[in-house]
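Copied from TrEMBL, the annotated features are:
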ACT_SITE  SER274  active site, nucleophile
ACT_SITE  HIS339  active site
DOMAIN    66-101  domain 'EF-hand'
TRANSMEM  160-178  transmembrane segment
TRANSMEM  210-235  transmembrane segment
TRANSMEM  247-264  transmembrane segment
TRANSMEM  270-289  transmembrane segment
TRANSMEM  301-324  transmembrane segment
TRANSMEM  336-354  transmembrane segment
TRANSMEM  366-392  transmembrane segment
Amino acid sequence: MGDRLPEPPRANPSPAVAACSEAEAIEVLGTEDVLPMATEDFDPENTGYISTEKFRTLLQRYGSELDPHKLEVLLALADNNSDGKICYQDFVNLMSNKRSNSFRQAILQGNRRLCSKALLEETGLTLSQRLIRHVAYETLPREIDRKWYYDSYTCCPPPWFMIAITIVEVAFFLYNGVVLDRFVLQVTHPLYLKNSLLYHPQLRAQAWRYLTYIFMHAGIEHLGLNVILQLLVGVPLEMVHGAARIGFVYIAGVVAGSLAVSIADMTAPVVGSSGGVYALISAHLANIVMNWSGMKCQFKLLRMAVALICMSFEFGRAVWLRFYPSAYPPCPHPSFVAHLGGVAVGITLGVVILRNYEQRLQDQSLWWIFVSMYMVFVLFAIFWNIFAYSLLDLKLPPPP
């Protein structure tokens, strides 16, 4: 690497060469040793800032190597700074695709509106590009985020978490169906509760049951609705926010669901993945409502109504089943309280995650507040399970 920036291209390169050139430029800008060079050329006093005028000169010289949407974001960054200077680290963060809270806030707080046409108006897209654009409009409320996601998404890795968890749930259900010789209302079979995966109040000391109960479902009607909802909602969310974040919301909802049952419905077992599913759906619906004007998904009011009807139907089925006379008294049917635990996670932790696309969660004070609340709830539930059952002298159903 020399003492000066590389010369701009003298001729229009082919698409393949341009793509390679952009990748090389981004890789160079993401390294640490480019910072002293840029400081020498554009920030001789080593203040860490570049003047807006010099920043625009940089964009004019090398803008042809950047994706047009990224160039538009950089121009917005240049236009919104009234003090006439730009933090160079924000520029490096953009080029290296780092989750930067300060960078996006600098754009969103600006007074310049993006003047180019919306992503929805672009034509000549391939099938995969249209799919990515559709996912962006389904999940992100801001046009600048949609364009950034559209340019950055590579499908590597694919949305593996929701697909994998769905396959495992279906596989366990089919296995239990063959063993019990029953696929509808499996929960009414006398051997159903003997499975080592579901949560049972007499076996609450076996900690894995607070999580593995998601692989057991009451019947095909229970599994079917959960699988449809978690694929339709969970896969697009994972494509945008990543497996780590969406998986965290899902697992947190699952654990909160079983712990909520152990506190509020102490004599009932728990089955099904509704805690995780309801966490994802409630977070997504709450995000849509909170960003109603910015969400551009088609027929959003109708689709929200359909989603709420499906959730209400599934919740009503769970409530009915809970109070239906048990086929193996005195143990009741599975509890419905896990649904409510999932909703609580969705409208707290889930909303913070979905509202902060490409931002570091550790920079959000609300994130730490909700994480602290969740940990307090978990600790309370642990102590409740250790002491409350004996102090209340509760009569539990016999172990299976």
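Just so it is clear, glycine is given a Cβ too, placed from its N, Cα and C backbone atoms.
Highest Cβ pair count under 8 Å relative to the transmembrane segment (247-264), across stretches 160-178, 270-289, 301-324, 336-354, 366-392: 336-354.
A Cα-Cα distance of 6 Å separates the residue listed as 'active site, nucleophile' from the residue listed as 'active site'.
Of all the active-site residues listed here (SER274, HIS339), it is HIS339 whose C-beta has the fewest other C-beta atoms within 10 angstroms. Proximity of the transmembrane segment (336-354) to the transmembrane segment (270-289) is established through 3 or more Cβ-Cβ distances under 8 Å for residue pairs spaced 6 or more apart. Across the domain 'EF-hand' (66-101), mean pLDDT in this model comes to 59. Long-range contacts of the transmembrane segment (160-178) within the same chain: residues 186, 192, 195, 197, 214-217, 220, 223, 226-227, 230-231, 234-235, 238, 243, 246-247, 250, 273, each at least 6 residues beyond the stretch ends and with a Cβ under 8 Å from a Cβ of the stretch. Same-chain residues lying 6 or more positions outside the transmembrane segment (270-289) and placing a CB less than 8 Å from one of its CB atoms are 139, 141, 165, 169, 187, 198-199, 213-218, 222-223, 226, 229-230, 233-234, 237, 246, 249-258, 261, 295, 297, 300, 304, 307-308, 311, 314, 318, 334-335, 338-339, 341-343, 345-347, 349-351, 353-355.
For the transmembrane segment (210-235), the list of distant contacts is 159, 162-163, 165-166, 168-170, 172-173, 176-177, 183-187, 195, 197-199, 204, 246, 250-251, 254-255, 258-259, 262, 269-277, 280-281, 284, 307, 310-311, 313-314, 317, 321, 333-334: same-chain residues at least six beyond its ends, Cβ to Cβ under 8 Å.
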